[in-house]
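Colleague: Take a look at this one; I'll ask things after.
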Amino acid sequence: MKISDLGYDESFLDLFEGNDFELYDHQRMAIEQFRKGKNIMVSVPTAAGKTLIAYSAIYETFKKKLKSIYIVPLRSLAMEKYEELSRLRELGMRVKLSIGNYDDTPDFIKRYDVVILTSEKADSLMHHDPYMMEEVGLMVIDEIHMIGDEYRGPTLETVITTARYVNPETRIIALSATVSNASEIAEWLNASLIKSSFRPVPLKVGILYRNRLFLDGDARSDVDINLLVKETVDDGGQVLIFVSSRKRAEDMAKNLSQLFDPINDLKVSSEDANVYDDLLNEMLPHGVSFHHAGLSNEQRSFIEKAFRHRKLKVIVATPTLAAGVNLPARLVIVKDVTRYGDLGITYLSNMEVKQMIGRAGRPGYDQYGIGIIYAASANSYQVVKEYISEEPEPVDSYIGKPEKVRFNTLAAIAMGLATSQVEMEEFYRSTFYYAQNGEDEIPNRINESIKFLKENGFIKEKDSLRATEFGKMISNLYIDPESAIILKKYFDDNDDIDTALYYISLCREIAPINMQDDYAAMEFLESIGHIDGDIEAAKTALVLREWISEASTRRIFEMYGVAPGDLQARVNNADWISYSLAHLASIFKPERRRKLEILNMRIKEGIREELMDLVLIPAIGRVRARRLYEAGIHNVQELAFSDPSRIKMLYGFSDTLANAVVKRAKAIVSERIR
């Protein structure tokens, strides 16, 4: 069967540049099952054509005048998928990406045909109105095996459960990597399972041990990683190498860059004096880079784009890249099969290693992919052999953890999906957790959650369970009830900024900062009257204070050891928690609300208060706003009446940008006058 045999308009074929190719067996079977009204679970290797299945289902749903939502586990994947699915506009569909602001209501969905969401965003929208699912005809769940992730999995499972609970008629297409219990997940979804080991680009998997490469039934001596990388790049291929730590990624990339002469003029330049710029710029011209979560979002995007466009030949990355964006390469090397964590040194899971080596082989460029796992010792050699010979671990549910039950219990009561413990238990019977474990401890945990929520003012009970104003707000704001209790205490404390930053930093949504200097944190706690307070939260508050005082990311790294990517992650969460704190003021201390709204904007933008007006202009961030301010342009009105030729003289402003910001400032001033 070819694409043209599907019976679609010719415009559908245009999505594939008019290439009327033969469908793979798993694509044909999935489309046939979907047309029979079935839910579908597709479990196939990476780059095996899952996107065509989604396109087909979305198109058929659109023809029925129904909406589709496409759910992914990570923001980076959502942006990548949005770029891909935006092509559906050529078929007349309205496509929307929504990944920010967890306080949005789902009303906007009515204006679109296809909406791409992270699982957290989808869950937060359902907190506002779960019945949005009544307008959704199709839910595509990408990377459904992520329900087995201890941290992100429960949210994805909650989204799927809520959607099916509210509207059992919503069709589901679940896309998965190869997992050993795919049939168990498919049964939970009431879905037809389409399982295949087919890869369009064949994969060869080998082991590098004691300078011997065992690959494809052959053994080759005197081989090391440098040699394999050099051979692959010289032959026109690209290489991904996975290592266990950021420092190892940086050091290895620097060493590998010395193997190659300069081949491009790539240069990264961060507006905010980023600490990694110099190191990256040493190696980028040689076609080599590192990639880890300490880099800023902009730096990571720059590296990923350069690799896709084949300007970069080698990336040395930490495992976070394997779970993120799709970056295939001819050769993938798993250099480290262990990691250091809370439990000491542990081996990577089979699933993680399979995800890494599964990226080997770039369709359209490579005839085959090569995945090589490095064994550093006799013990790891035995483990590596098991990675190759055994199936990935089964996917298990984590939605039954007490804190997840508590979060979901408040949400279900606030949404009106449950008004009693019996109804809450009924909701949990629709979860994958129940499919795997039966009742287990769930009734007890629901009972404990209800007791906790009543005692702390989130819900009340007369004839039935109902959310209080406080409980409803917390559910809509999408924050943990324990964090809400912490924030509530702030309103009985001082109203200064440092105290607010401390309470924000206490919340579980903000990961603690690994900083050695306890003395500065103790001084901070003493200054706000919390001498016996939480040292780790105080460290985070100190970093946030530097951020809103306009310290550069380089200075924050030098002072506190917080890398730009880690800073961005904490700022993003602190932005959300401070937004929530400002909203809670309307219940507990309305007179503090305006001050907290100002703090929220300062955290969001990383600015002092006097720059708040200027950063309303798109493309003007904290650095450009400060340059304008120091040049005597203090607000939007003054910018609107400025000569662009004066602005373009400032560092960081091109002629085009200067004209654009003045034009936008004029528009804002005009709107304010009306």
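Even glycines carry a Cβ here, placed using N, Cα and C.
Bear in mind that the values here come from a model prediction, so they are computed numbers and not experimental data.
Not my notes, these are from Swiss-Prot:
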| type | residues | note |
| --- | --- | --- |
| BINDING | Q27, V44, P45, T46, A47, A48, G49, K50, T51 | ATP binding site |
| DOMAIN | 31-197 | domain 'Helicase ATP-binding' |
| DOMAIN | 224-411 | domain 'Helicase C-terminal' |
| MOTIF | 142-145 | motif 'DEAH box' |
Colleague: Beyond the listed site residues Q27, V44, P45, T46, A47, A48, G49, K50, T51, identify every same-chain residue whose Cβ lies within 8 Å of the center of their Cβ atoms for the ATP site.
Modeller: Y24, H26, V42, R199, P200
Colleague: Averaging the per-residue pLDDT over the domain 'Helicase C-terminal' (224-411), what integer do you get?
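Modeller: When the pLDDT values over the domain 'Helicase C-terminal' (224-411) are averaged, the result is 93.
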Colleague: What are the sequence-distant neighbours of G49 (ATP binding site), meaning same chain, six or more residues apart, C-beta distance under 8 angstroms?
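Modeller: Those within reach of G49 (ATP binding site), by Cβ under 8 Å and sequence separation of 6 or more, are Y24, H26, Q27, P200.
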Colleague: Have a look around A47 (ATP binding site) and count the other CB atoms within 10 A of its CB, chains all included.
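Modeller: Other Cβ atoms within 10 Å of A47 (ATP binding site): 20.
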Colleague: By DSSP, how many residues in the motif 'DEAH box' (142-145) are helix, how many strand, and how many coil?
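Modeller: Summed by class, the stretch gives 2 helix, 0 strand, 2 coil.
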Colleague: Can you give me the same-chain residues 6 or more apart in sequence from T51 (ATP binding site) with a CB-CB distance under 8 Å?
Modeller: E84
Colleague: Return one of helix, strand or coil for A47 (ATP binding site), based on DSSP.
Modeller: coil
Colleague: Comparing the binding-site residues Q27, P45, which residue's C-beta has the most other C-beta atoms within 10 angstroms in this structure?
Modeller: Q27
Colleague: Tell me whether Q27 (ATP binding site) sits in a helix, a strand or coil according to DSSP.
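Modeller: Its secondary structure by DSSP: helix.
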